[in-house]
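Q: Starting off with a structure, shown below.
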Amino acid sequence: MAMIIKGKKRLSGEVEIESSKNAILPIIAASLLTDDEVRIRKVPNIKDVTTIMQIIKILGKQVKEQERQIIISGKLMNHHPPYELVRQMRASILLMGSILSREGKVRISLPGGCAIGNRPIDLHLKGFHGLGANINFDNGDVIAKGRRLKGNHIYLDYPSVGATENLIMAAVLAQGDSYIENAALEPEIQDLANFINSMGGKVTGAGTNVIQIQGVSELHGSDYTPIPDRIEAGTYMLAVAATGGQAVIKNIIPEHLKAVSAKLEETGVEIKEYDNHLTVKRDSYIKPVNIKTLPYPGFPTDMQAQFMSFLSCARGSSIISESVFENRYMHVQELQRMGAEIKIEGRAAIIKGVKELTGAQVKASDLRAGAALIIAGLTADGSTILTGMEHVERGYEGIITKLNALGANITQN
Ligand SMILES: CC(=O)N[C@H]1[C@@H](OP(=O)(O)OP(=O)(O)OC[C@H]2O[C@@H](n3ccc(=O)[nH]c3=O)[C@H](O)[C@@H]2O)O[C@H](CO)[C@@H](O)[C@@H]1O
Ligand SMILES: C=C(OP(=O)(O)O)C(=O)O
């Protein structure tokens, strides 16, 4: 399946943002921490949610899916998520902490690398070990065992989002108190902590770099709505700005988009923030800027590719430095095929703005590379044919419908 984008349409209107992919995935993983009923509302219709739901059904959980809601209940019958599903989604590793916590053991395939880099899980495993689990490897799987984990101080060498989430889930039913030091600060971690606390957990300090988890003997059900997706929102902000348009981005938490909004303003884009929406408008040329991706509250790596497409037509040269993942430049060669002038030097990309991009046949290698190529196609002269749509579907609900409602001309074949 390919997406055909006829470029040079100025976007305008309103777009509604869904719940966050990176919040709902750990929340679904944490629903395994109780047998009681967990109801999650405003569920986005994206492939990653379908995949994790397939996995937890196979693990024995009862699942009811109603319009935009999922209701999860019942016992875990299995501690071994199947390889075929796990390999489709890196976030499957987030099931490790909660299964270990509930079952005293978990076996899961090592996720390996992916298009954006190596992505080891050493920090997750070091943390589980610190909580008293034994870790072994067999046939490409990692096995963690520990009847009742014991609270401890865990220092993370790097504020890994996934390791922080996995360790919160492992520690929540442990004996005694745990402290995660140098924890990640991402809003999705606060959302996971809020969800666990709504189930009777005792997690404090989420959103700071020391998170305290007071172990409890059991958790109960909950009814929860995850936070809006700051990366989906940022992607639409960039799409509108790239086309020189003007739009309202609805159902967001503007605070979570500070780094993106500030950089856009530096390029000359006008952003106005309100309680739960913002407006974006560009009516002048794009000033070049320099960006370094960093853990939150720094500029998000998940917005790097989209920003690069935007800067491809800036008036002058910009430098983007990717410090989170070592190989997140797979979109560059595709942007070059559309006429962008980008040079990679180590971890930096030097983007010399060109007057305009031209449509080409390009391929998405990962989720955000796909989003970046869509943005490039929206601004380009002529038609862009994008393949690798399955990556985009992992994280963007109805992206063609939403962009066309803003005035884009996108079809699928
Ligand atoms: C489902 C989800 O929420 N995914 C997000 C999560 O991924 P994820 O949780 O995988 O990202 P991490 O914060 O763990 O990774 C950041 C860096 O730490 C390294 N690392 C991580 C763990 C580990 O044990 N050892 C190690 O070296 C990684 O290789 C990477 O270079 O945060 C990333 C960074 O904001 C985002 O790009 C992803 O969209
Ligand atoms: C890298 C991403 O996701 P994941 O960690 O699930 O691969 C992303 O959302 O951009």
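Glycine too: its Cβ is placed from the backbone N, Cα and C atoms.
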Q: Return the residue out of V63, V106, V280, V324 that TrEMBL annotates for the same UDP-N-acetyl-alpha-D-glucosamine site as R90, R119, P120, I121, D122, L123, D302.
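A: Of the residues offered, the record points to V324.
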Q: Counting every protein chain present, what is the number of Cβ atoms, excluding its own, within 10 Å of the Cβ of K21 (phosphoenolpyruvate binding site)?
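A: Neighbour count, Cβ to Cβ under the 10 Å cut-off: 24.
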Q: In angstrom units, rounded to an integer, how far apart are the Cα atoms of K21 (phosphoenolpyruvate binding site) and L123 (UDP-N-acetyl-alpha-D-glucosamine binding site)?
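A: Approximately 22 Å lies between the Cα of K21 (phosphoenolpyruvate binding site) and that of L123 (UDP-N-acetyl-alpha-D-glucosamine binding site).
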Q: Would you mind reading off the Cα separation of V324 (UDP-N-acetyl-alpha-D-glucosamine binding site) from N22 (phosphoenolpyruvate binding site), to the nearest angstrom?
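A: It is 16 Å, counting Cα to Cα.
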Q: Where ligand 2 binds, which of the binding-site residues P120, D122, L123, D302, V324 are close by, with Cβ under 6 Å?
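A: If the test is a Cβ under 6 Å from any atom of ligand 2, the answer is D302.
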